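Trainee: Got a structure for you, written out below as structure tokens; questions coming shortly.
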Amino acid sequence: MENQVLTPHVYWAQRHRELYLRVELSDVQNPAISIIENVLHFKAQGHGAKGDNVYEFHLEFLDPVKPEEQERLKKLRLESQGSPEVIANLRKGYLFMYNFVQFLGFSWIFVNMTVRFFILGKESFYDTFHTVADMMYFCQMLSAVETINAAIGVIKSPVIPCLIQLLGRNFILFIIFGTVEEMQTKAVVFFVFLTWSAIEIFRYPFYMLSCIDMDWKVLTWLRYTVWIPLYPLGCLAEAVSVIQSIPVFNETGRFSFTLPYPVKIKVRFSFFLQIYLIILFLGLYINFRHLYKQRRRRYGQKKKKVH
């Protein structure tokens, strides 16, 4: 019984010039497939009728197999080791879950801020950071995945716009707000977080539905439209937060340093913040231009009617 050969279920179909075989095995590993004259030899580790075992069979044809047909077995081996369809489905599932998690995170931020504003009014502005900062930290750290996906080709997006948005937002969140307590109680935090989350609650579900080949026209229009007012407003709110932080960094001396001897010049961090303001609007131009091209490709050109 130890030397018993396990044979998988083999399904056969034939046309005039074509022959189809289907071997009922899943999770196939190390398939060995060959044709010697008129005999097909198959052996592989997989899950079949007898569980996980080694299965093999030999199938004898009436005539020898032509050499060019034997070359097709190489493709069969590649498909059995990693089917493009399986890889595509794994990619879609991975992207669907990523966009779903980000959608939930930014939706929680947006709803939380909106509800608190209607209940508390302007008073909700001043404790926005302490209320939603943890979730914003999580979402923004996770957004690094988008830049990585673009860099390795998982998504078809240019790397530069993704990197600009990642670095720009994280600079505001972790440096301007995160390191200076005086900035955490300012009203500008509310407007920065509101514009960020308002953009993402339409962007992420759009990409999420795209993973399962669904196109909701209303959501698509919002994804390609809401950024037009929100991106400049978000950039303006970020600029205000940087300007408000300059005197705070000057007073505290945080991140400032003195150049070594013989220069001995004190370089204030506010100097870099002023440079950042220029970079901020340059980044806005690059991303705005990128998003405009996307919208133009989607809605800009209409097909002309042929008379």
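Cβ atoms are placed via backbone N, Cα and C, with glycine included.
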Trainee: If you check TrEMBL, which stretch out of 130-153, 226-249 is marked transmembrane segment?
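Mentor: From TrEMBL, the annotated transmembrane segment range turns out to be 226-249.
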Trainee: Please list the DSSP helix, strand and coil residue counts for the domain 'CS' (5-112).
Mentor: 43 helix, 42 strand, 23 coil
Trainee: Other than its close neighbours in sequence, what residues sit by the transmembrane segment (95-115), given a CB gap under 8 Å and a spacing of at least six beyond its ends?
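Mentor: For the transmembrane segment (95-115), the far contacts come to 124, 128, 131-132, 135-136, 138-139, 142-143, 145, 149, 154-155, 190, 193-194, 196-198, 200-201, 204-205, 207-208, 211-212.
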